[in-house]
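Here is what Swiss-Prot records for this protein:
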type	residues	note
BINDING	GLY89, GLY91, ARG92, LYS112, ASP124, GLY125, ARG175, ARG182, ASP266	ATP binding site
ACT_SITE	ASP256	active site, proton acceptor
BINDING	ASN257, ASP266	Mg(2+) binding site
Amino acid sequence: MNTAPFKLEADFASALPTMAAPWQGEESPNPELVILNDDLAYSLGLDPTWLRTPEGVQFLLGRNPEPLTKAVAQAYSGHQFGQFVASLGDGRALLLGEARSADGVLHDIHLKGSGRTQFSRGADGRAVLGPVLREYIISEAMHALGVPTTRSLAVISTGRKIQRGSVAPGAVLVRVATSLIRVGSFQYSNISGGIELSQHLANYTITRHFPSLVAELSAPTPATYVSLFKAILQRQADTVGKWTRLGFVHGALNTDNTLISGETVDYGPCAFMERYRGDAKFSSIDTYGRYKFENQPMILGWNMARLVETLLPLLGATPDEGMTAAQEALGEFDDLCEQAIRKEFATALGLDESDTGTVEQFRELLYLHNPDITTLLRSLTDNTAPPSGFEAFVHDWKTQDPDFEAMQAVNPLFIPRNHLVEAALADAIVGNLEKFHELLAAVTNPFDPTAGPDELRLPSEEGFEEDYMTFCGT
């Protein structure tokens, strides 16, 4: 046997065994490595050369025995489209373990599509190649754009044919996160282990994500957990600020899809708008627009309310004190989101974030004229003609001496536009990855004009977005 030159840690499984069910990925009839993210592997101390061996591929499928990995399916609950489900968990996923990057930060190595677990609830536990490659390219694009996100380490085709309306090739995604602790993780701890387990999970969350609070864990007080909650709120606000600037619609902001770290997770029904509008939604199952673009800050606030419900006994010496602390912190969330959004647009416009008047004028024009935000911001960055309706704004904006160099670092030339992603995936599922690799190269170097051909910068043909619909692909 070709021995692995590394060993994953089992930090979550050891710290929270009641929330981790030991499991193994299912056997694949003919596994083949489709793509491997060498740079990400190196950054985590994983050897890409070994990962390409037959033993390495089996490792990436969750098939290696101990001691190399101690894979587990994580338990969590969740509100899905507002409806609470007490036991969700990793129904088609596994946490292989954690790898430590050079800076000492632990990162979850997590599978998606690895087969049934005890949480599958009758589903087959599998994933198909198109949606898996979709998550790979969009998550890596988001990372390159500076958005907090899970990342993609590898895609493996399984050699299995799977029925999803039509027959599709099976695949497993290997993704990476600073952790996959969710709002739904706290909901599960609250109903399964009460405040004792919730406090244990909160303490573990502090050690993984909020080092400034670690010193307080020797003698934690209500202020420790209030600070934790406020730090989580800030992470969510910062992330939604970046989504808003980029015109990104997540599409499934359930509490089980909201990570405590603030990293974007689960890209199944997401999309990038090409007409900037508040009512934009693309998910085939979001019938009533719960998760439409303009609702994203509000929905994250709703999710944060569900989180703080699980922490109330930790936030004060009495129930009334805990409730007051929760309400005060949560009451600041709308302002945190607005501040984050204004900051993002100020940076995109090359202005100081204190220039709220210009930023607000720009945002009003976005909703009035519905431009392609990517093209618009690059036209400002490159000092080319703005679209109709923005002429007067641009004239006044230029008098404020915008920082064009700073703008070049945040306003992308390339994003994973919906029509380009769909074209690349259509070819990929029949074995032609040329368009996929071309698009991946461009969107992972989004500010470099030489990273891809000019046609990858262009919006779709008129009418495409009106009919465009996304699917989870499960």
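Each Cβ is built from the backbone N, Cα and C atoms, and glycine gets one as well.
Feature map: Swiss-Prot annotations on the structure.
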residue : record                       : contacts (Cβ under 8 Å, 6+ apart)
GLY89   : ATP binding site             : ALA21, ALA73, GLN74, ALA75, TYR76, THR117, GLN118, PHE119, TYR188
ASP124  : ATP binding site             : ARG92, GLY115, ARG116, ILE162
ARG175  : ATP binding site             : HIS110, LEU111, LYS112, GLU135, SER139, THR150, ARG151, SER152, LEU153
ASP256  : active site, proton acceptor : TYR76, SER77, GLY78, HIS79, GLN80, LEU88, ARG182, VAL183, GLY184
ASN257  : Mg(2+) binding site          : GLY78, ARG182, HIS250, VAL265, ASP266
Max pairwise CA distance, angstrom, over record-listed ATP binders GLY89, GLY91, ARG92, LYS112, ASP124, GLY125, ARG175, ARG182, ASP266: 23
